[in-house]
Amino acid sequence: MTNQSTIPVIVNGAAGKMGREVIKAVAQAPDMILMGALDTSPEHQGKDAGELAGLSEPLEVPITNQLEPMLGYVAGERQLQPGVMVDFTHPDAVYDNVRSAIAYGIRPVVGTTGLSPEQLKDLADFAEKASTGCLIIPNFSIGMVLLQQAAVTASQYFDHVEIIELHHNQKADAPSGTAIQTAQLLAEMGKAFNPPQVEETEKIPGARGSLVDEGIRIHSVRLPGLIAHQEVIFGAAGQIYTLRHDTSDRSCYMPGVLLAIRKINQLKSLVYGLEKIL
Ligand SMILES: NC(=O)C1=CN([C@@H]2O[C@H](COP(=O)(O)OP(=O)(O)OC[C@H]3O[C@@H](n4cnc5c(N)ncnc54)[C@H](OP(=O)(O)O)[C@@H]3O)[C@@H](O)[C@H]2O)C=CC1
Ligand SMILES: O=C(O)C1=N[C@H](C(=O)O)C[C@H](O)C1
């Protein structure tokens, strides 16, 4: 049953690991309706999004790869709230998807990682000009927001820190979007970390991980059996302080995704990070 406060949602990447979770969460949300399910994978075209997501009843929403007609269809719906596109696709696709959605007046809620700083800046300019909300959220779990807050606090007292992120081996991008965001948050503290203690030589390139903001290093592990995990390790004379977040099920991201869908119509520009809308 829909009414004027119902939010129409398109899920992009609907056949993927995250897309299927989002389909289930949206289908169960009383204030949302799934209006479109997009995915480019040929083997899933035409399948019912609900059945693919493991729901007991079909949602009568077939998977399609036709992004622009879908955006136009939802943009033309005048009896409901403005449309939202949730994107969990691929680092190579997300930039174009977001531009297209904004061009149609559909608000993007983006979980896909791997956007470059230049792409992020360009999308921020585009959203600003269109006066359209756009949420880019590297990690939708509350546990990661809390870990990052604890890391920012610890960084006031520790000068040495390294980040290890561990993920399943189907992940396309490295380092993870979350690790990059964590390093950025620490870098915003305005100090240089890890002052060199000796002259280091990497005997094998990459042995010391990737050097990102303000001297912070990120190490990426990819293994079957993992889902998504991150450690931020602070060191000082005689002590180690380790923060760790582990996910055991992708449902952990759904409260954050639903919150973003509900909040995005209050925004008129691009906002980066779940912590900004909590
Ligand atoms: N922000 C967060 O909290 C989280 C973010 N992520 C991120 O979300 C993204 C997706 O992750 P995950 O679900 O695990 O990945 P999957 O590979 O399981 O799913 C992605 C799906 O998108 C499809 N796809 C690829 N390109 C397009 C396109 N142009 N248009 C529509 N569909 C497309 C893929 O099809 P095919 O397989 O045929 O390529 C696949 O079905 C990653 O960037 C990941 O890092 C993941 C978890 C949490
Ligand atoms: O690919 C994943 O799985 C995840 N990707 C995001 C990232 O790159 O940070 C979020 C989470 O780590 C899971």
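Counting starts with 1 at the first residue shown.
Including glycine, each Cβ sits where the backbone N, Cα and C put it.
Those TrEMBL annotations? Automatic predictions, nothing curated.
The feature domain 'Dihydrodipicolinate reductase N-terminal' is assigned by TrEMBL to 7-140. Note on the domain 'Dihydrodipicolinate reductase N-terminal' (7-140): mean pLDDT across this stretch is 98.
Residues or ranges marked as NAD(+) binding site in TrEMBL: Gly13, Ala14, Ala15, Gly16, Lys17, Met18, Gly111, Thr112, Thr113. Of all Cβ atoms in the protein chains displayed, 24 besides its own lie within 10 Å of the Cβ of Gly111 (NAD(+) binding site). Mapped onto three states, the DSSP output places Gly111 (NAD(+) binding site) in coil.
Under the heading domain 'Dihydrodipicolinate reductase C-terminal', TrEMBL lists 143-278.
Counting only residues at least six positions away in the same chain, the Cβ atoms of Ser176, Ser220, Val221, Arg222, Leu226, Ile227, Ala228, His229 sit under 8 Å from the Cβ of His167 (active site, proton donor/acceptor). Taken from TrEMBL, the feature active site, proton donor/acceptor covers His167.
For His168, Gly177, Thr178, the entry in TrEMBL reads (S)-2,3,4,5-tetrahydrodipicolinate binding site. Thr178 ((S)-2,3,4,5-tetrahydrodipicolinate binding site) carries a helical DSSP state (H, G or I). All protein chains considered, the CB of Thr178 ((S)-2,3,4,5-tetrahydrodipicolinate binding site) has 23 other CB atoms within 10 Å.
Around Lys171 (active site, proton donor), taking its Cβ as the centre, 16 other Cβ atoms fall within 10 Å, counting all chains. Sequence annotations record features per position, and here TrEMBL assigns active site, proton donor to Lys171.
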Residues Gly13, Ala14, Ala15, Gly16, Lys17, Met18, Gly111, Thr112, Thr113 binding NAD(+) per the record - widest CA separation, whole Å: 17
Listed in sequence order, residues with CB under 8 A of Gly13 (NAD(+) binding site) and six or more positions away: Gly19, Leu38, Asp39, Asp87, Phe88, Thr89, His90, Thr112
From binding-site residues Ala15, Lys17, Gly111, Thr113, the one whose Cα lies nearest His168 ((S)-2,3,4,5-tetrahydrodipicolinate binding site): Lys17
Listed recorded positions Ala15, Lys17, Thr113, Lys171, filtered to Cα within 10 Å of Thr178 ((S)-2,3,4,5-tetrahydrodipicolinate binding site): Thr113
